[in-house]
Structure formats: structure tokens, C-alpha cells
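Quick look at what Swiss-Prot annotates:
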DISULFID  238-240  disulfide bond
DISULFID  271-274  disulfide bond
């Protein structure tokens, strides 16, 4: 089934809740970057977290970039997201696999590391982008997104992100939730929610059991009134193109372009975000060089 995200209001606005099935999104990222298990889980969780952040914080054409660097074995993780729920992302070391942790699960904390920062840069089309940064408090990423929302956005929240990776490195399921506590929420309602989150299995386990985002919402808010505000398709989508890379090539020194023509007889550009390769022939490079010199 195609990935989708559900936005909802709980009890007339005590909470805003977002639940997403992002299985195909994370599976596509795994295939594009050939990630191994620990890298798949780390990148997947960051993709899901970014999707939840961008669909809850942004509107219109606004976009954001999440960077996670805990100086762990997977290196830096970079994910772009927008209000429409599409994401793209990559990490530094895709071929990272680690022994399972004491709970017999992928050791995301060790893969990501905790000696570093989570940085969110929001481009709201107002000129200078806004950047918020917090230290990594967990490395498991759900808690780190929660900490970011509390400290940088002043929104008390709960974030859960999880990915189930099969022994052959493919993604079986992936998903997550984000719950924002609104000013009208009672202490009793907050305590009840905290207890439910504590008792609830990971989202990936619920998806494995065939639960939908709507059913996961109902598990989180058993007694409360749920109003579904929007059900939106989400996915992995990259906006790279050969033209964009041609523009980048046009900005480098003419001598360097001439060298590519004379010595390499062409060039290959690879998109970090999606792995797509673009070939530029000698004629392509000559045309770019001629155009650049004419400016």
C-alpha cells in the first residue's frame, strides 16, 4: 500500500497527532543508497522524523533540512523535507552494519552516536533561513526530534520513529508518530498519553501486525475524541535534474571544465540525495563552457 500520513486533532484541540506509514519511502532510500542494516535504520528514522517535522511545522512552499551528526559509524545524515510530505536524504557511510544491541535490535544509538548535534534549517521563503540546533540526547532519534521540538520550537511533543530491517537489508515496514501537546491539554490527559506511549509497541511492530495509521492513532487515544483533519500521500522524491548539474558545472573555473574535456573526455555527476547519475559528453561540456564564457 502507498505511504500516507494522517493528521488529527484530539479532544477538540488538546493534542495534535500525526501518524505515518513510511514503508515505501524508507525502502526506496535503502535501494537507492544500497544501505546496510544499521545505516538503513538510522537514515530511515531520520527520513520519518523529517517527514513528521515538515508536515507539522511547514505550510505552502516552505521546506526544511535536517542534519544529524553524532560522529558515529554512519557519519552525517542529511534529509530535506517539505509541507507536502516528500523527503529525500542520504548519509555519509551507507555500508554500516553493527552487532545487535542487548534487546536484539539494530543499535541505532551506536550507529548514529551521541557526540554531536541535530540541526534543522527552515526555509520559509523570507530570505535568511532559520536554523535551530540541539545536542543529541539519545542517538535513537525519536527522543532527539522530541528534544528539538521542545527546545527550539517550544512545542512539548512526543516523537516515535522506527524501521524494521530484514536480514537481507531490505525494509519490511517503517513508520512513526508525532504528538504535539497544545496549551489546553490537562495534566491528567498528558499523564494518560505518556503512559500509553510507554506501554505501546514500536510503530514498526504495529505495522508488521497489519495496523494502519488510523488504528495506531486509536491505540494512542483510546478514550479521546479523534478528528481526522487530513490524510495525505507521502514519499521519497528528489528534484535533481541534468539541467541543475549543468548549472553547477557552469559555475566552476573554465580551466577546470577544459581539463574535463581534454583529459576525462566528459564528466559524471551523481546526486547525493538519490544516487541518480548524469553523464556529460565532451559536446555537453563544450556547450556549458561556451555559455559560461559568454556571460
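Even glycines carry a Cβ here, placed using N, Cα and C.
For the pair residue 240 (disulfide bond) and residue 271 (disulfide bond), the Cα-Cα distance reads 7 Å. The secondary structure of residue 274 (disulfide bond), as reduced to three states from DSSP, is coil rather than helix or strand. A gap of 6 Å separates the Cα atoms of residue 238 (disulfide bond) and residue 274 (disulfide bond). For residue 271 (disulfide bond), applying a Cβ distance below 8 Å and a minimum sequence separation of six or more within one chain yields 238, 240, 245, 277, 278.
Around residue 274 (disulfide bond), the same-chain residues six or more apart in sequence whose CB sits under 8 Å from its CB are 32, 88, 236, 238, 240, listed in sequence order. In the three-state DSSP classification, residue 240 (disulfide bond) falls within coil. A 10 Å cutoff on Cβ-Cβ distances gives residue 240 (disulfide bond) a total of 17 other Cβ atoms nearby, all chains included.
The Cβ neighbour count for residue 238 (disulfide bond), using a 10 Å radius over every protein chain in view, is 19.
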